[in-house]
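Please read the structure below before turning to the comments.
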Amino acid sequence: MATENIYILGIESSCDDTAASVIHNGSILSNIVANQKIHEAYGGVVPELASRAHQQNIVPVVDQALKKANITKDQLHAIAFTRGPGLMGSLLVGTSFAKSLAYGLDIPLIDVNHMQGHILAHFINEEGFNKPPFPFLAMTISGGHTQIVKVDSHFNMTVIGETIDDAVGEAFDKSGKILGLGYPAGPEIDKRAKLGNPKAFKFTKPKVDGLNFSFSGLKTAILYFIQNETKANPHFIDENINDICASIQYTIIGILIDKLKMASKQTGIKHIAIGGGVSANSGIRQALKDGEKKFGWTTYIPKFEFTTDNAAMIAIVGYLKYLEGDFAQQNVAASARLKI
Ligand code: KG4
Ligand code: ZN
């Protein structure tokens with residue numbers, strides 16, 4: 001088995017982004033993502049439409065990734081794909097495609113856990129970005145997950161806290177829906193929050209034991225707050241949108257940072273990384289940076305393009321597994337609820 005000059009193709013199709021990336025010895029040669037605009041009209045991802053769109057996108061996306069990397073498929077050493085967690089119909093498209101390609105090229109197939117991908121994206125070689133030393137804490141914050149993970153080595157990870165209901169990305173998206181913002185609302189709330197007063201409105205933080213999170217109560221509190229206010233003033237949302245967004249974001253970030261502080265104290269670990277779509281949020285990025293001065297943390301914040309779903313994070317896990325000879329068999333099955 002070759003150990004030098006390794007080219008890995010990564011394929012990601014767990015939700016509504018079809019993505020492919022080629023990585024060479026841990027450095028990105030290409031990172032292509034096709035977003036599925038079709039879901040915007042429905043205010044959320046429609047699983048059946050997502051799998052159909054993956055089916056249409058996957059060949060051109062993989063083709064583009066190879067072209068951009070300036071290699072042919074015969075130069076690949078392995079195919080890495082997202083096995084789960086995610087939407088079953090979406091996962092099946094990437095899984096079946098990866099299996100067929102690996103079989104056709106007679107090269108190893110590597111299964112990747114999507115959440116490990118969000119964490120191990122920190123191990124992509126990127127100028128100006130340090131890799132976290134072990135052990136470190138990783139907070140994965142996305143539309144589907146909210147977890148605090150203790151990472152002892154590349155493949156030895158323990159979830160020490162997670163949401164008991166909604167994910168933090170859902171808290172952003174569902175709040176945005178109440179406010180009449182488009183889907184996904186996270187980036188829009190972030191943009192408006194920059195123009196508003198974070199202390200204009202106060203939302204109580206949920207009381208959840210230990211390192212676990214809960215966001216469904218916050219969503220309900222926001223709904224009742226908006227219903228009450230708009231009864232008194234029908235233009236309340238329009239007149240206060242920036243302050244409302246800033247206050248919601250401030251509350252959500254407070255919840256995340258409180259738990260991170262607790263996790264750092266309990267474990268004694270001060271190296272803190274974030275990953276997942278919500279780590280694109282400017283407020284959480286700033287709060288983490290502030291944690292360096294306030295709590296003595298060293299923080300690891302991914303490059304913007306590796307925060308939301310992408311295949312570079314799948315390819316890097318593929319590369320790390322390739323070095324360990326950790327391959328999947330052709331009978332490997334996609335798993336919607338795959339655990340770390
Ligand atoms: O990781 P990701 O692309 O997909 C999942 O695996 O879920 O995360 C998508 C989530 C969405 O909920 C979206 O609203 C949120 O990430 N998001 C943000 C921002 N950018 C994306 N939330 C807050 N602020 C942002 N700037
Ligand atoms: Zn994700």
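Just so it is clear, glycine is given a Cβ too, placed from its N, Cα and C backbone atoms.
Just so you know, TrEMBL annotations are computer predictions that nobody has curated.
As annotated by TrEMBL, Fe cation binding site applies to His114, His118, Asp309. Within its own chain, His118 (Fe cation binding site) has Ala138, Thr140, Ser142, Gly275, Gly276, Met313 as residues 6 or more apart in sequence whose C-beta sits under 8 angstroms from its own. DSSP gives His118 (Fe cation binding site) a helix state.
TrEMBL lists Thr140, Ile141, Ser142, Gly143, Gly144, Asp173, Gly186, Asp190, Asn281 with the feature substrate binding site. The C-beta environment of Gly144 (substrate binding site), restricted to residues of the same chain at least 6 apart in sequence and closer than 8 Å, consists of Cys15, Pro85, Gly86, Ala167, Gly169.
Among the features that TrEMBL reports, domain 'Gcp-like' is placed at 28-315. For the domain 'Gcp-like' (28-315), the mean pLDDT of the prediction comes to 96.
DSSP classifies Asp309 (Fe cation binding site) as coil under the three-state reduction. Only Ser142, Asp309, of the binding-site residues Ser142, Asn281, Asp309, place a Cβ under 6 Å from an atom of ligand 2. For Asp309 (Fe cation binding site) paired with Asn281 (substrate binding site), the C-alpha to C-alpha distance reads 14 Å. Over all protein chains present, the Cβ of Ser142 (substrate binding site) has 24 other Cβ atoms lying within 10 Å.
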